[in-house]
Amino acid sequence: MQNKIILENMTVDELKEFFVNNGEKPFRALQYFQAIHKNRIFNPDEMTNFSNSLRGKLNQYNDIKNCSIIKRIDSKLDNTKKYLIEMSDGNIVETVFMQYKTHTSICLSTQIGCKMGCKFCASTKKSFVRNLQPYEMCAQIYLVENDLDIRINNIVLMGIGEPLDNYDNVSRFIDLITDKDGQDMSIRNITLSTCGLVDKIIRLANDDIGINITISLHNPFDNERNKLMPIGNKYSIEEILDACDYYFKKTKRRIGFEYTVIENVNDSKKYMDKLVSLLKNRNCLLNLITLNPIEEFNQKSPDRYKMTEFMEYMNKNNVNTTIRRKQGIDIDGACGQLRINNMTKRGVK
């Protein structure tokens, strides 16, 4: 008997091989792919264009993994909706839906937990469990779209986990979600956030995937950044910037930099001037983020006047800078917070 496989992780060409090897016509591959990624039919018994015999084969060989929404919280302040989604093995990830005037966006998790250990990020406060598979990333989108009866326009890989630490599965997910016969998401509407895995940034450039990337910078001085973000002990800021320059040269995609502003820690003129020296000659966008305080990181958020002062100083010095609009702050909107609270209530360490 053939070993169980996860057909939802397969491209159309891979599905063709599967169907032919099991005595079926190649065109069945496209039908199956569209059932999953276009029509949101996940149960082979509901694929009425397949014979009973073929449905039986799919049930026999396919290791069907169902994901489900276990909790949804709606913000009372904006149109943000925070989801807890349970994987087939019982692990839980966060997914955030955001509604804007011009588009919809979804923030996806790529791992269960995170290895990176950034001090101010709730995602790292419970142990790393495993990487998410491609179908589990797709499922976050499809479940939310079905729940809200909407079409999502933009994807940001900024949820729980470091996407480039799960490179193979994330790149496969991008292949699936951008396939014209499925979700047909524009590659230009996908943004990946990374803490700066230099080797993977270079690989991403060489693989010519063409998505947008944004770097979690948060401090312009290596010796201080290392204390906030342990990955800095492996890759210096200079190495990260060199990799970003290479990515821009290969893809022509403007690089984003994220900078969480922490009161009396990284918000003085000294830090602004250093950022200017690092970024002023680069085709980039600096995105200032107000710190979302968590219990394990006892620091304060700056007020809006300080944020505006920071932004104006950077723009005056030729660094294109914006302030990220805070979404869902009344529903533990920052990455990982809702999952942590849920795990704590259940006594999960």
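Cβ from N, Cα, C; glycine included.
Together with Gly161, Glu162, Ser216, Leu217, His218, Asn292, Swiss-Prot lists one candidate of Ser127, Ser186, Ser193, Ser268 for binding S-adenosyl-L-methionine, that being Ser193. Taking the Cα atom of each, Glu94 (active site, proton acceptor) and Cys114 ([4Fe-4S] cluster binding site) are about 13 angstrom apart.
Mapped onto three states, the DSSP output places Cys114 ([4Fe-4S] cluster binding site) in coil.
Cys107 (disulfide bond) has a Cβ environment of 25 other Cβ atoms inside 10 Å. By the criterion of other Cβ atoms within 10 Å of the residue's own Cβ, the least surrounded of the binding-site residues Cys114, Cys118, Cys121 is Cys118. Residue environment of Glu94 (active site, proton acceptor) contains 27 other Cβ atoms, counted within 10 Å of its Cβ in all protein chains.
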